[in-house]
Amino acid sequence: GGGAQAWTYSYSTTPNRRWHEARQWCHQHLSNMVTIQTPEETDFINNLLPFNQKYYWTGIRKVDGVWTREGNNKTVPEDAQNWAPEEPDKIAGQDCVEIYIKRNKDTAKWNNEKCQSKKGTICYSGKPLLILFLFHWFSESNTKLFTALMSNGVSSSSVVQCNSLEAPPHASVECQDPLEVYSYGSICTVQCEEGFDLIGANMTQCSSQGSWSHTLPVCQAKKCNPINPPPHGSLSCSDPHGSFSFGSHCMTTCDEGFLLNGTANAECTSLGMWTKRCPALNSTTYGSLFCFDPHGEFSFGSQCTSACEEGFLLNGTADTVCTSLGTWSADIPHCLAKRCPTLNSPPHGSFSCYDPHGEFSFGSRCTSTCEEGFVLNGTANTDCTSVGKWSRDVPRCLAKRCPTLNSPPHGSSSCSDPHVEFSFGSRCTSACEEGFVLSGMADTECTSVGTWSTETPHCLAKKCPSLNSPPHGSSSCSDPHGEFRFGSRCTSACEEGFVLNGTADTELKCLNISVPLCLCFSPAKKCPTLNPLAHGTFLCSDPHGEFSFGSRCTSTCEEGFVLNGTADTECTSLGTWSTETPRCLGKRKSHNLLIVIIIRAFNFRIRELASCNKSKYEHATEKLTSLTSQNLLSPLSRPCPLLAEAPQHGRMNCSHPFSPFSYNSSCGFECNEGFWLRGTPTMTCSNSGHWSQDLPTCQPVQCEDIPASSLPLSMNCSHPLGHFSFGSQCLFTCTGGFSLNGTEVLLCSSAGFWSDSLPNCTGKASTPVGAAMLMNSATGATSVLVPLLLIGLGFLALFILTRSKKRGESLSNDGVQFHTYTYTML
């Protein structure tokens, strides 16, 4: 047998409480919340307490950013903190600590949680002397208490005993018993309650004679200074421990007709000082207030704690204490709504917000809308939640789509898309192929309602002049796009006795149309038979019989030989070949052959001169002998720069008598339809390795400029190749109620003529708009035509003189012409 000291735990789960409510419940039962001092204490509590689905609060919470034990306000050392993995987290407002009692995962570990959450309560009282634990359980108003008892295991048969001690009023006795309770060596210490002073010795010891060394002291309530009632007032006091002593409570009242200036209530505190009651506190907006009042509501020592509702954060100090001066230690804090990140308007859109607690705060709702021509992709509304995040992402504004636009037949479309293809703001322009004109508006735009501003235009084939049958013949046409329109193909045939002079098939392009002629055919008129070509062959086409009118023959040489002369010749209506028969010359003797050709050319000229003037003939012979002896006729073999390709919009055809792009190589140039050649049509490679002329270019054919129109006639022109040149297209419209008289679209043709005459506007005026412009244009054309004609004649004369000089003709004293460096190999 023997006595024991106890460390008592109590817990409650009916009901689960908020942290501040749990602390107040412990205080009401003269105990404190468990603050977990050692690992052994953790194991003991985890073994004895039952599982609670909400778990249990501990007496640990965050104060000024530091985890602090309730009661002594001491910081919990880091090595004593028993957190679950990844705890504590950084979520705002989770300032109180729970313990996972009998949890399957992380059992007996800590977790920080919102103080407003409801959980089980664990309290303790006593002094921890943890050697042997016994279990005692009883129930009192749904409260269970656990008692840990300690036994020292010493026998009491031979130990001197002292009388048992009873604690004096308002005091407590704590003894250390090395052997047995109240036995030899026992030392007992007396401690007075708060508000009482100790009178006497605070410690006594059991001696070997079985008597205590000192009598127990007395605990006397602290005295406050006496107070008197104020003039015109009265004072009534309650004195539980004596007049004007600790716990005395006095109330002042005023006589009738007088008002109290100050606080009516005063209380004698544990420090022996009078205190006034603190002003009553009200909970903050969107928050709640929990108070612990050891000496009465809002009196000295009262401690109040503020907490905020979900979605709000505390701005200020959570706890405040009523001081002896009758003032609170801190102001009541405010609850501010949590902020969400600032929202930005979506591109091509905007949003409007409803903010009940401040801009972009908890409870704010923002609605997004898009500009005209755009549609919302996503949810329009988003809310700022209690955790400071938006419920949804800001939506996007996408441009409205128009139907896919197809190019018109015989045309093409090009579009600019500022957003995406065929969407709001897209602008498309249609153009027609060569030979077709646009019927409708060239430009269209995708509108804000998702439709095109104009219908897709059509490409109509150009109308060509009517094609008449040739005299003594007939024509038949196929018209894929309408009679005598661009692309029509006509075939001509002659009556019996007549042959066709020209091309039988004609494709109409509305430009330079030539009708073939039917000539009288005489079978007797044939061209001389062509003799077989040495080292070469002839290939002939004979539409009217062998070597007859219209026969065309082409000469080619065998390998190792080059053609000296023109490859193609044709039998004319006069019965003669258009060119002389060429010859095939060996490539290896090109140097000597050139000299022979030059000498033969001179001999021919000399013989011609001899028939006219004998003295000139003799002089020419001497000149030829002199040139030959000086070797001035020997050709050089330097190559000319390679011509890689023809000019843009043109064609190039080259002949190479010796080797490609070498001496005497000649290149001819032609331009495509609608373009004219600027420069010399033929270039020849000289013996010095230079081309005789610069490379020509192909320029677009120009149409007459159309002067700027005046209202109501409006003109819109596009120039793909140059200002008012081949391919230029002008669209005419009328405004103000006028109607267009004439063709809506004019096209500059490859011949340099507009496809139709200039239209005008009629409907509101007697004289068509545009007539004055046409008359002015005619007058201007007449005034310019004469000077242009004179200038053209001057250029023609200059051109003839220049060509003469380029051929290198030089006259000797007697008029004989010698060509010393510009002979072309034929």
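Using the three backbone atoms N, Cα and C, a Cβ is placed for every residue, glycine included.
Those TrEMBL annotations? Automatic predictions, nothing curated.
When DSSP labels each residue, the domain 'C-type lectin' (4-124) comes out as 23 helix, 42 strand, 56 coil, counted as helix, strand and coil in that order. What TrEMBL records for 4-124 is domain 'C-type lectin'.
The domain 'Sushi' annotation in TrEMBL covers 160-221 (among others). The average pLDDT computed over the domain 'Sushi' (160-221) stands at 89.
As annotated by TrEMBL, disulfide bond applies to CYS192-CYS219 (among others). In sequence order, HIS170, ALA171, LEU198, CYS219 constitute the residues six or more apart from CYS192 (disulfide bond) in its chain with CB-CB distances below 8 Å. Secondary structure at CYS192 (disulfide bond), taken from DSSP and collapsed to helix, strand or coil, is strand.
Residues annotated as domain 'Sushi' in TrEMBL: 276-337 (among others).
Annotation comment: TrEMBL describes CYS308-CYS335 (among others) as disulfide bond. Secondary structure from DSSP puts CYS308 (disulfide bond) in a beta strand.
Look at TrEMBL and you will find 338-399 (among others) tagged as domain 'Sushi'.
TrEMBL lists CYS370-CYS397 (among others) with the feature disulfide bond. Proximity of CYS397 (disulfide bond) to non-local residues of its own chain (separation of 6 or more, Cβ distance below 8 Å) is seen for PRO346, PRO347, HIS348, GLY349, SER368, CYS370, GLU371, PHE374, VAL375, LEU376, ASN377, given in sequence order.
According to TrEMBL, the feature domain 'Sushi' maps to 400-461 (among others).
Annotated disulfide bond per TrEMBL: CYS432-CYS459 (among others), in sequence order. Listed in sequence order, the residues of the same chain lying 6 or more apart from CYS459 (disulfide bond) and placing their CB within less than 8 Å of its CB are PRO408, PRO409, HIS410, GLY411, CYS432, GLU433, PHE436, VAL437, LEU438, SER439.
For 525-586 (among others), the entry in TrEMBL reads domain 'Sushi'.
Taken from TrEMBL, the feature disulfide bond applies to CYS557-CYS584 (among others). Reduced to three states, the DSSP call for CYS557 (disulfide bond) is strand.
TrEMBL lists 638-700 (among others) with the feature domain 'Sushi'.
Close to CYS698 (disulfide bond) in the fold, though at least 6 residues off in sequence, lie PRO647, GLN648, HIS649, GLY650, CYS671, ASN672, PHE675, TRP676, LEU677, ARG678, each with a CB less than 8 Å from its CB. Mapped onto three states, the DSSP output places CYS698 (disulfide bond) in strand. Per TrEMBL, disulfide bond is recorded for CYS671-CYS698 (among others).
According to TrEMBL, the domain 'Sushi' annotation covers 701-763 (among others).
Marked as disulfide bond by TrEMBL: CYS734-CYS761 (among others). The Cβ neighbour count for CYS734 (disulfide bond), using a 10 Å radius and every protein chain shown, is 22.
Among the features that TrEMBL reports, transmembrane segment is placed at 784-802.
Spatially close to CYS335 (disulfide bond) yet at least six residues away along the chain are THR284, THR285, TYR286, GLY287, SER306, CYS308, GLU309, PHE312, LEU313, LEU314, ASN315, judged by Cβ distances under 8 angstroms. Put plainly, the disulfide-bonded residues CYS219, CYS432, CYS584 were compared by Cβ crowding within 10 Å, and the winner is CYS432.
Put simply, of 4-124, 400-461, 638-700, 701-763, the stretch with the most CB pairs closer than 8 A to the domain 'Sushi' (276-337) is 4-124. Every protein chain shown contributes to the tally, and the Cβ of CYS370 (disulfide bond) ends up with 21 other Cβ atoms within 10 Å. Spacing of CYS584 (disulfide bond) relative to CYS761 (disulfide bond) is 69 Å (Cα to Cα, whole number). Distance noted between the C-alpha atoms of CYS761 (disulfide bond) and CYS557 (disulfide bond) is 67 Å. Residue counts for the domain 'Sushi' (338-399) under DSSP (helix as H, G, I; strand as E, B; rest coil) come to 0 helix, 27 strand, 35 coil.
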